[in-house]
Amino acid sequence: MAGETTKLDLSVKAIGWGAADASGVLQPIRFYRRAPGERDVKIRVLYCGVCNFDMEMVRNKWGFTRYPYVFGHETAGEVVEVGKKVEKFKVGDKVGVGCMVGSCGKCFHCQNEMENYCPEPNLADGSTYREEGERSYGGCSNVMVVDEKFVLRWPENLPQDKGVPLLCAGVVVYSPMKYMGFDKPGKHIGVFGLGGLGSIAVKFIKAFGGKATVISTSRRKEKEAIEEHGADAFVVNTDSEQLKALEGTMDGVVDTTPGGRTPMPLMLNLVKFDGAVILVGAPETLFELPLEPMGRKKIIGSSTGGLKEYQEVLDIAAKHNIVCDTEVIGIDYLSTAMERIKNLDVKYRFAIDIGNTLKFEE
């Protein structure tokens, strides 16, 4: 009859790890996902990444976490079931899921492959609800059911345990660099910070055929930046002489420092006319701009990427052998891992071995 709503079939039993409240205490959480629809893909989760965003969401830092909360916006696994109208995947395929599991599909952003800017997104990690009334729980769980449009093809030669952080750190740095044209050969890009975001930014810059200069607070990271990640140069951000010599030489800089602590005038001074400062380190306070003219330089931010960009990140990583430095952990180590993230004690990202350590029992 007109006006009636179809009751959603929430019959897929699932177990995940998350929080029941803002105390931050992590625990197993049982819940139900919807039965696969015609265009849905059912995924056995094998790996799930953990980052600072997850830690802050667990503690409701921004005030919009809905409990019980199962985190996870960097998820990799294999297809175990497909709906009858699914065209992109078959059982056994390796796949990934990023931060989005749905969007309106009608707005300007959705129509232009920028689903991440949709005003009505369905996020993977439990911060939103579907139109039908289904709660979305994150990928730190044994199973996911996702519309095939929001499922990513996983390249065969990209290890899932080393690649799963690309679904966060990778797309966060790739999307704005591509937008600014920094994916072209010959660009000189400065990277502030050499953590999870910075290390991936350097690898992508080199894959693009560019020159990467790492600017860090610690001289101890010089060997690591050059020998492990392929940076062309390294500068300590307190070395005024070196910084002076670099003024106006860079096509852009990417600030990946936690909390966006790098002074804006310092970054603007390094950038050429028409260059750009890209902020991906989630600034926690307002930044100050210099009063003098900025030479038509741009300051931009980033909010992950669209689905096309997500797939490009995985494909480029596979083509250029880009992997993340991950510490693979079991689910029982998760609380310790969150504390280590809080204390900046991880090199560089955690990947949870969901497939072998998260057991589902009826």
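We count from 1, first residue shown onward.
Positions of Cβ are set from backbone N, Cα and C atoms, glycine also.
In the three-state DSSP scheme, HIS73 (Zn(2+) 1 binding site) falls into the coil class. The number of other Cβ atoms within 10 Å of the Cβ belonging to HIS73 (Zn(2+) 1 binding site), over all protein chains shown, comes to 27. Summarising the annotation, Swiss-Prot assigns Zn(2+) 1 binding site to CYS51, HIS73, CYS168.
What Swiss-Prot lists as substrate binding site is HIS73, and the listing cites similarity to another entry.
Cβ neighbours of CYS118 (Zn(2+) 2 binding site) (same chain, under 8 Å, six or more residues apart in sequence): SER103, CYS104, CYS107, HIS109, CYS110. What Swiss-Prot lists as Zn(2+) 2 binding site is CYS104, CYS107, CYS110, CYS118, and the listing cites similarity to another entry.
Per Swiss-Prot, the feature NAD(+) binding site maps to GLY193, LEU194, GLY195, GLY196, LEU197, GLY198, VAL280, GLY281, ALA282. In the three-state DSSP assignment, the secondary structure recorded for GLY193 (NAD(+) binding site) is coil. In sequence order, SER216, ASP255, THR256, THR257, PRO258, THR262, GLY281 make up the list of same-chain residues 6 or more apart from GLY193 (NAD(+) binding site) whose Cβ falls under 8 Å from its Cβ.
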Zn(2+) 2 site shell beyond CYS104, CYS107, CYS110, CYS118, criterion: Cβ within 8 Å of Cβ centroid:
SER103, GLY105, LYS106, PHE108, HIS109, GLN111, GLU115, PRO119, GLU120, PRO121
Determine, to the nearest whole angstrom, how far the Cα atom of CYS168 (Zn(2+) 1 binding site) is from the Cα atom of LEU197 (NAD(+) binding site).
9
Since the record lists CYS107, VAL280 as binding-site residues, which of them has the fewest other Cβ atoms within 10 Å of its Cβ?
CYS107
I need the neighbours of the Zn(2+) 1 site defined by CYS51, HIS73, CYS168. Which other residues of that chain put their C-beta within 8 angstroms of the C-beta centroid, in sequence order?
GLY49, VAL50, PHE53, ASP54, GLU74, CYS99, PRO165, LEU167, ALA169
